[in-house]
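For reference, the structure is listed below as structure tokens.
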Amino acid sequence: MRKEDAEWIEPAATGGQRTLLVMAGGTGGHIFPALAVANALRLEGWDVVWLGASGAMETRVVPQQGIDLVTLKITGVRGKGWLKKLSQPWVQTKALLAALNLIFRRRPDVAIGFGGFTGFPGGLAMRLCWLPLVIHEQNSVAGLTNRVLSKIANRVLFAFPSAFPNQADCVGNPVRSEIAHVAEPAMRFAGRTGPLKILVVGGSLGAQVFNEQLPKALALISPADRPLVTHQSGEKHLETLRANYAAANVTADCVAFIADMAQAYADADLILCRSGALTVAELACVGAASILVPFPHAVDDHQTGNAQFLSEAGAGILLAQSNSSPEKLAQLIQEMTRERCLTMATAARALAQPNATAAVVAVIKELAQ
């Protein structure tokens with residue numbers, strides 16, 4: 001059930017039930033790890049209330065999970081004009097007051113912030129009320145909100161050691177349970193023959209660089225040596241992608257959306273993808289070889305740091321988008337053998353932290369005592 005702008009809020013839970021306040025939004029990389037933690041605690045009887053931003057992705061995803069959502073009218077300031085920046089003190093003050101109202105009404109035992117615009121007012125409100133705050137940073141470079149909140153949070157959890165150097169709580173990124181239960185690489189690869197199977201993951205919005213370059217790259221490889229390709233493009237780009245493959249005279253399975261990502265990862269020998277935090281966590285958890293092309297416009301270039309986590313361990317190949325071309329992709333694909341994919345997949349699996357959700361849950365429960 002969605003509550004607009006904190007104007008109407010459920011009364012506080014009774015009967016000794018613990019309550020968690022979740023602050024996460026904007027992108028799936030923030031939302032889905034938060035959902036993994038929230039749903040784990042709900043299974044243990046906790047009540048969960050989610051603080052999100054009006055009109056953002058969380059307003060479409062969170063209510064579908066049966067979680068109460070309270071929204072604030074708040075946006076980021078990076079890349080905004082000076083008028084927008086001048087209005088921020090008022091916007092943040094109003095958001096802080098709304099967050100304090102939410103805390104007064106719902107009486108959360110603990111709050112956890114995963115990033116997003118509501119994390120700052122929500123986190124600050126918790127500490128002003130002397131209530132415990134946990135933050136979790138998913139990327140290799142900590143975002144602005146988490147960097148600020150790390151100064152006042154009771155616990156700072158993170159997925160990559162580079163996010164908060166010299167701190168100990170590197171717990172990994174929570175992933176969906178079905179991803180964590182995929183068979184290990186040696187079992188999956190046993191008995192595989194024939195062409196390599198490549199899975200291209202562009203996310204819900206697709207990745208234009210893959211859509212444009214990969215069909216041309218595969219056309220440079222002789223038909224006898226071409227891999228079998230499943231290419232996920234997002235709904236918006238599906239027809240254009242199919243036209244690109246047809247123009248290149250290359251056959252591929254083009255899909256807008258993949259419902260069972262665990263099975264798709266398990267079936268593939270090699271993944272071609274961006275390097276968002278959630279993707280990198282899933283590649284490690286599954287144990288999958290990858291060619292990673294970081295999104296070049298990500299804040300603080302955090303996707304490059306995420307990709308380096310895999311590439312420096314021999315678990316992935318980092319290809320900067322500025323260096324990507326049909327010829328370069330064709331070269332990298334032709335250099336891959338199933339044996340090399342297995343070696344890389346095994347290296348990825350060694351980096352996995354499949355118990356990340358349980359580790360985050362344990363910290364929350366400890367602070368709720």
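Here the Cβ of each residue, glycine as well, is placed from N, Cα and C on the backbone.
Taken from TrEMBL, the feature UDP-N-acetyl-alpha-D-glucosamine binding site applies to Thr27, Gly28, Gly29, Asn139, Arg176, Ser204, Ile258, Ala277, Leu278, Thr279, Val280, Ala281, Glu282, Gln303. Every protein chain shown contributes to the tally, and the Cβ of Val280 (UDP-N-acetyl-alpha-D-glucosamine binding site) ends up with 32 other Cβ atoms within 10 Å. A helical conformation is recorded for Val280 (UDP-N-acetyl-alpha-D-glucosamine binding site) in the three-state DSSP classification.
As annotated by TrEMBL, domain 'Glycosyltransferase family 28 N-terminal' applies to 21-157. Within the model, the domain 'Glycosyltransferase family 28 N-terminal' (21-157) carries an average pLDDT of 89.
Marked as domain 'Glycosyl transferase family 28 C-terminal' by TrEMBL: 198-348.
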Secondary structure composition of the domain 'Glycosyltransferase family 28 N-terminal' (21-157) [DSSP: H/G/I, E/B, coil]: 63 helix, 30 strand, 44 coil
Listed in sequence order, residues with CB under 8 A of Glu282 (UDP-N-acetyl-alpha-D-glucosamine binding site) and six or more positions away: Val175, Ile179, Met261, Tyr265, Ala288
Close in space, distant in sequence - Leu278 (UDP-N-acetyl-alpha-D-glucosamine binding site), Cβ under 8 Å, 6 or more apart: Gly28, Gly29, Phe32, Pro33, Gln138, Asn173, Val175
